[in-house]
Amino acid sequence: MGTEQEYIVQREVLDQVRLDEVAEKGNWTTKPSLSERRTVVSWVPVLGWLPQYQFKENFAGDFISGCSVASMHLPQGMAYAPLAALPPVFGLYTSFFPVLIFVIFTTSKHISIGTFSVVSMMAGTVTQRLAPDQNFIVNGTNGSKVDTEARDAARVQIACALALLTGIFQILLGLVRFGFVVNYLSQPLIRAYTTASACQVACTQLKFLFGVSPALYSGPLSFVYVSLSNVLLIFSSCSRFRAPFVPNASYFPSIVGDAFSLAIVSYTINIALSKTFAFKYGYRVDNNQELVAVGLSNTIGSFFYCYNVSSSMSRSLVQETTGCKTQVTGIISSVFMLIIIVKVGSLFEELPKAILSSIVFVNLTLMFMQLADVYTLWKTSKTDLLVWLVTFICTILLNLDIGLAAAVGFSLLTFIFRSQLPRYYILGLVPGTDLYLDIETYREAKEIPGIKIFRSSATMYHISSEMYLDALEKKTGFDLETLLMAKRKREAAQKRKEEKELKKEEFPEGQTSTKGPDMGEVNWGYQRDTSMFKLDSVTSFQSVDSIKKFPQIDEEEKGRFSGSDTHSIILDMTTTSFVDTKTNRDVCLVSQIFRDFEELHLDVYLAGCQACVVKQLETIGFFSDTIPKSRLFVTIHDAVLFILKKHRQTEFNLVS
């Protein structure tokens, strides 16, 4: 039978003033200089890991993995290029040049960059929109036909320009440290988007698989339209490397929106896979460096006839399971792709499109398996399930670009609603500890007589400030508006009574008016009383010692609230991570709480403020003679001990 372990800590009660003295607060900083933060190795990670490469331990695994991934690059590159409305050989180019660039700049060891079905299809919507077949119809001896050579050349130009602009966006976003944006794209959104995209891709491949030619259609509901067309038609029918070039920038105005969408989508897929493998194998990836890496892969690759790249889930899994240890896998894969392109590629030039479509379908299997997320999310999180369903439906019905925008907008909306609906608690002390827990959740957590401890589950800022105050009144049992109005009515009545008595002393009986030296006649009988409407500003208060002791609340008014025996309010600020210094609304809220409760002769204390919050409060001059730093305590327990000593509540045993 195990014995209970306990610890005992003895120290003085610490408010903020005493903490600053004990901990020797100063302007210490541990931030590295700019030169220390961004070295050459941080910009070009290959310079860090390649000189330390352990050949004996890692090369065998990297070699086998590189060969395996190259064997997938060949069919996938050729199969995904038609999704971008390009000849298959350009898929092979895209499987070679960007991979080499990515190896140099990435911090991830296991993901495989190159062609990807979703990104290929997004690029294809742009190339087909700007270079449709009808623009290249020529008249021949056998009637009109499409000049495929001219059409493909134009689409290559568009695809390379799109890759260049996408890469520029990604590099710029990486340089301004925009990698944090991935934190706002939840896994349900990403998985639903890729699943819906897989459905879109599969739909486009039906015509090649069954040898039918449906009419082209783009825009919202195109998935439904093309699917029905394919089904009806199915039932009724039962080189060599090229010299680098500069992409045509004149296409930029027409593709800027598509390029930005591709920049976000391809990066999001990359970083999601990167973090998955990094967590599994215990290393870290740099969000912003990955953004720069994929951006450079797109940018440099565009000069070599490559279109947009992203990481592939299927290739990355093969790369991991076949023994990949380092980024050398990408180098080996590129070497094999070089051999294939130069020596073997011509053998696959006439590969039937039905075979390429079959390869696409096989590689979409993993994405279709994500449909099982619906059942999992139903059991775990209804909100995440809603995000998944909205993302899937919007992507299916509105196409990839509009669907993504709608999905991100809805996801951010759910985030706002979550932050707008925090939970609020009254905390109680667990006997024998210094733990303060929600009294509605923990039976042993008991309120301390005379003290109300209030906590919000979310940071307090201007959007939720009104909710915070309403919850504070409800949880503590004080109807501030009613109580303050009653108090001010008593003050006004008391003042009128005093003025009436003063008037009787200064004027003879029956005289009701007089004239002052600088004013007209004053009629005391009809003078309007404005004392009820003269409220202090939000940031000005009376000190505790200077508050006039007015008559106590009568029994009828006492019945309006349950906390009539309360003398102290503690606001737990541990969840507050910032202060809105621009509008000062949350600062004004705290100031208002101090003012209103102290007007009712209740003391207010703050507990658990983070150092950054204290610094912000100091900067905007929040602390003053009326709200001194001595009202801010390091922990809730410090505040409780101080209050109990102040009110001589020695009969309450904290450790019983």
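Every residue, even glycine, has its Cβ placed from backbone N, Cα and C.
Here is what TrEMBL records for this protein:
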type	residues	note
TRANSMEM	79-105	transmembrane segment
TRANSMEM	158-180	transmembrane segment
TRANSMEM	215-238	transmembrane segment
TRANSMEM	250-271	transmembrane segment
TRANSMEM	291-307	transmembrane segment
TRANSMEM	328-348	transmembrane segment
TRANSMEM	354-378	transmembrane segment
TRANSMEM	385-417	transmembrane segment
DOMAIN	441-643	domain 'STAS'
COMPBIAS	495-507	compositional bias 'Basic and acidic residues'
REGION	495-521	region 'Disordered'
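Broken down with DSSP, the compositional bias 'Basic and acidic residues' (495-507) shows 12 helix, 0 strand, 1 coil. Under 8 Å from some Cβ of the transmembrane segment (328-348) lie the Cβ atoms of residues 53, 58-59, 62-63, 65-67, 69-71, 73-74, 78, 88-89, 92-93, 95-96, 99-100, 102-103, 112-113, 239-241, 319, all in the same chain and six or more residues away from its ends. Outside the transmembrane segment (291-307) by six or more residues, the chain places 43, 81, 84, 86, 90, 93-94, 97-99, 101-102, 104-107, 113, 120, 123, 156, 159-164, 166-175, 178-179, 241-242, 244-247, 263, 266-267, 270-271 with a CB less than 8 A from a CB of the stretch. Remark: the transmembrane segment (250-271) makes no contact with the transmembrane segment (354-378), by the rule of 3 or more CB pairs under 8 A. Counting same-chain residues at least six beyond the ends of the transmembrane segment (158-180), those with a Cβ under 8 angstroms from any Cβ of the stretch are 84-86, 90, 123, 126-127, 130-131, 245, 247-249, 251-252, 255-256, 258-260, 262-263, 266-267, 271, 286-292, 294-303, 305-309.
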